[in-house]
Amino acid sequence: GCPRVVGDEDENLDGDDFEDEFPIKNHHEDLDQHRDVNHAENGDYNQQKLYSNGQAFSSAGSVTGKDLEGDKEFLSNAEWQERVEKWKVRQEKRGLLNKEDGKEDPGEEDEYLMAEARQPLWRKVPIPSSLINPYRIVIVMRLVILCFFFRFRILTPAYDAYPLWLISVICEIWFALSWILDQFPKWLPITRETYLDRLSIRFEREGEPNQLSPVDVFVSSVDPLKEPPIITANTVLSILSVDYPVDKVTCYVSDDGASMLLFDCLAETSEFARRWVPFCKKYSIEPRAPEYYFNEKIDYLKDKVEPTFVKERRSMKVRYKVFDFFFLFHVMFG
């Protein structure tokens, strides 16, 4: 509709429009190619989390990531095979691995153990509704009764002693709020199952410094007459003999009563621990408190194949009897 201006050159407007649109189309194609590349990369990443049989394993909760792939280089063949066998036994008990899978080649066994090491260190154990729902019903019933109680207390004030009535109502409301806050974790309790073997695979690798964090445990005592020193000593011995590197476990005892009796008993406890802790770690003793271990009526030969276990256990029991007699002597004669 506009008149032509003299001097304008003939332009192929359709061609310009086509050329203007062409880079846009190329841009869209580049985006599509970029998406395809990303999709392919994500597909390769997801395939890395699969076994040869297609079972997926999540890496959520992993700390070391792909660094765990070097674990096999620091382990001897016997140690590596032992870890594989232990893992397969646990998986068979859980029903996650068939016995026919044990006939596969060693390469697939290594993949199984690597994938096990990448798993989270813990998982939430679901609580059956048949166990938690009755307690929730009890909580609701108590809450309803509490509401009726406060309705009665507020609607029937004691005019003869109004300040005392007001103070008592405020205190009752405070205790009610404290009780309500205490019911939240009971309404939805959380139970976790930990996997110590995965922790060991990740942070206790052969040929490298131990990466487990140090642990400090505090034991508090007030009066040796109310808390017998033998109980405190067994607590300390149980802590020191825990399945953890010895140089990373420290136990502190706080005696608010400043009793010399407890001080002497702890000095003897430290000497006895030099023999008790290696004994517990060598034979995986449970329970680790000697008082309870030697008094339990159990088959202590179960799962113990070392021929020297019986002899060392008998010797350790005699040493503990002498240790216990020392406590009794100090209590009686000071």
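Just so it is clear, glycine is given a Cβ too, placed from its N, Cα and C backbone atoms.
TrEMBL labels come from automatic prediction, so no person has curated them.
Residues or ranges marked as region 'Disordered' by TrEMBL: 1-51.
Annotation comment: TrEMBL describes 8-21 as compositional bias 'Acidic residues'.
What TrEMBL lists as compositional bias 'Basic and acidic residues' is 22-42.
What TrEMBL lists as transmembrane segment is 137-156 (among others).
Taken from TrEMBL, the feature transmembrane segment applies to 162-181 (among others). Packing against the transmembrane segment (162-181) from elsewhere in the chain are residues 143, 146, 150, 153-154: each is 6 or more residues past its ends and has a CB under 8 Å from a CB in it.
DSSP classifies GLU227 (UDP-alpha-D-glucose binding site) as coil under the three-state reduction. Of all the Cβ atoms in the protein chains shown, 17 others lie within 10 Å of the Cβ of GLU227 (UDP-alpha-D-glucose binding site). Per TrEMBL, UDP-alpha-D-glucose binding site is recorded for SER220, LYS226, GLU227, ASP256.
Put simply, the two farthest-apart Cα atoms among SER220, LYS226, GLU227, ASP256, the recorded binders of UDP-alpha-D-glucose, are 13 Å from each other. For SER220 (UDP-alpha-D-glucose binding site), the number of other Cβ atoms no farther than 10 Å from its own Cβ, over all displayed protein chains, is 11.
Cβ neighbour count for LYS226 (UDP-alpha-D-glucose binding site): 8 (other Cβ atoms within 10 Å of its Cβ, all protein chains included).
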